[in-house]
Amino acid sequence: MLNAIIPLLLDSLASAALIFFAAVGLTLVFSVLRVLNVAHGSLYSIGGYVAASICLFIASRQLNPYLSFAALLFSAVCVAAIFGPLIERGLVRWTYGKSEAVQILITFGLFLILEDLQRVIFGVQSFYEDAPMRLLGTTSIGGVVYLNYQILLVGMAFLVVIGLRLLINHTRLGRLITAVVTDREMAQSIGIDTNRIFILALSLGVFLAALGGALATPTSGIAPGLGADTMVLAFAVAAIGGLGQIEGAALASLIVGLARVLAIYLAPSLDAVAPYAAMLVVLLIRPYGLFGSVAARRI
Amino acid sequence: MRTIIAAAAILVLALLPVAAPWLQFVLTLAIAKGFAALGVAVLLRAGLISIGHAMFFAASAYGVAFLARAGINDLALLLILSVLAGALVGVVAGSFLVRYRAIFFAMLNLAVSMVFYALCAKLYGVTGGTDGMPVPVPAVFGVVLGEPAFKNVLFYLSLGLMVLVGLAVQRYLNSPLGHALSAVHTNEIRLEYLGIPVWAVLLIAYVVSAALAGLGGALAGFAIGRVVPDFAFWTASGHLVLIAVLGGIGGVPGAFIGALFLELLHSGAVTVTDSWNLIVGMTLIIVIMFMPQGIYGLFTRKEAASL
């Protein structure tokens, strides 16, 4: 019995970690900018493509393979530095105060553009480079051989939760963000540069998405269509957790990860149904998500 | 004057496939998607954005495939039954979805449609999985036609339905029930004070919009000859909202103008480039930014409804 439960739990954790990276950025951006970024999944896959390209380059030049870990981080930083300010200044800024329909459609337009740009730049073949995963080797837990890389993923997800908590509660920037989230007009009127906060928040969201994509490539590779799949999964997780809730997103990732792995173990044909079914059940009972609330919204 | 323009436009549409036969499939599909976008536009009037209406589109198309498998082989019967099936799914989903507003309405529609999509894709034994199901050529009032003849009938049937159903929907939108939708958008609480049950207004609109999406799905199923789970994927729902907004949500013609514009843009773009989504995405952003009333808004002097 234990032999079945341990791998199940570890699988769920690793699966939850990857979903969490995709969802937490979405939820963060929503809580600060109040815009649901439909193109978020594309930024996840762009992070993956860039990381895979750099890793493949490292492998082809026979550079030190440990550089590929730095490459994963580096690609996420690059994607965030380029796309964060570009999207906020060029597109999303224009939709503030407009209806949800406009915001969703504008970012849907961006999603269409980014999906095709990837096809043009990276082609339609799938990218796969597992050097980071091979380097870390395996561990045997309870008689089951387990990939260390997946443990690293879970650790990284924990780091992100703690890091975001620290950022929001214990830094000046965090206080500014909280002020903007709580009352945008008041924050503006006491002289907080909300435009700068929005750019930073969106860039952070893009960074988390791209990091998720980069970290996912060594395990599963990357192919066209990943952006659309990730988007809807991140959406489900963010909604279950309560839009704008970081801990909510973490818990929701665990629920979705567990639901998915359980489905794979019990009814393999239904694995794709599990996350959406979980979202449906939670939203029907608590339409504002597990941690969400109707009136007050915190970050 | 507007009646004359509309009649002329429909006449041109009717004659186009005679001049350019390859357009017939494109136009049939455009009208089919126009119906579904019209469904989305009905809800947009109430400020409700559904990223899930492709589900009803797919449900009716699957409905046709299942009914045909069960031995029903009459075009009219298949259409009526499958639209009823779409509407029935709309009653079930709508009865709990109309309680929600804004982003939660959008998300729940997405959740429901993705459960539907995943089931269609995964239940291989029932739906054929990602291979989909064939939609055979049906008999038209007892007459068995060859495929080209049937496609002719289908195109003119779609065109006829576009006029008839379009007029009916126009009547609905101009009725007190239709005007109540805009009132939900602007001030829902005032509507409640007046003693109008908002949930009933919205449920009727939801079922109407599901039936319209279903009609579009059934026609598309016949035109393509196959239904696949991708009919219900969330990006398909996104495209339906896109068409509705592109055309302009103010009136019935908007949805069809948007669908025609997008399908023609598609068939034009694919001849030059594979990246037609790039073009569509840019067009969408430009239209929303600079023409909030959509393409139809260009032709109407009166202030049309916008987002």
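For all residues, glycine too, the Cβ spot is worked out from N, Cα and C.
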Look up transmembrane segment in TrEMBL and report which of B:132-152, B:153-173 it refers to.
B:153-173
Report yes or no: does the transmembrane segment (B:193-224) come within contact of the transmembrane segment (B:103-124), defined as 3 or more CB pairs under 8 Å with a sequence separation of 6 or more?
no
Listed stretches B:35-68, B:103-124, B:153-173, B:231-256, B:276-299 vs the transmembrane segment (B:75-97), most Cβ pairs under 8 Å: range B:35-68
Do at least three C-beta pairs under 8 angstroms join the transmembrane segment (B:103-124) to the transmembrane segment (B:276-299), pairs 6 or more apart in sequence?
no
Are the transmembrane segment (B:35-68) and the transmembrane segment (B:276-299) close enough to be called in contact, which here means at least 3 C-beta pairs under 8 A that are separated by 6 or more residues?
no
Looking only at residues six or more beyond either end of the transmembrane segment (B:231-256), which have a C-beta under 8 A from one in the stretch?
6, 30-31, 33-41, 44-45, 49-55, 57-59, 61, 109-110, 113-114, 116-117, 120, 162, 166-167, 169-170, 173, 213, 217, 220, 262, 280, 283-284, 287-288, 293-297, 300, 304-307
How about long-range neighbours of the transmembrane segment (B:153-173): same chain, 6 or more residues beyond its ends, C-beta under 8 Å?
10, 13-14, 17, 24, 27-28, 31-32, 34-35, 38, 42, 45, 75, 140, 145, 179, 181, 208, 212, 215, 219, 222-223, 251-253, 256
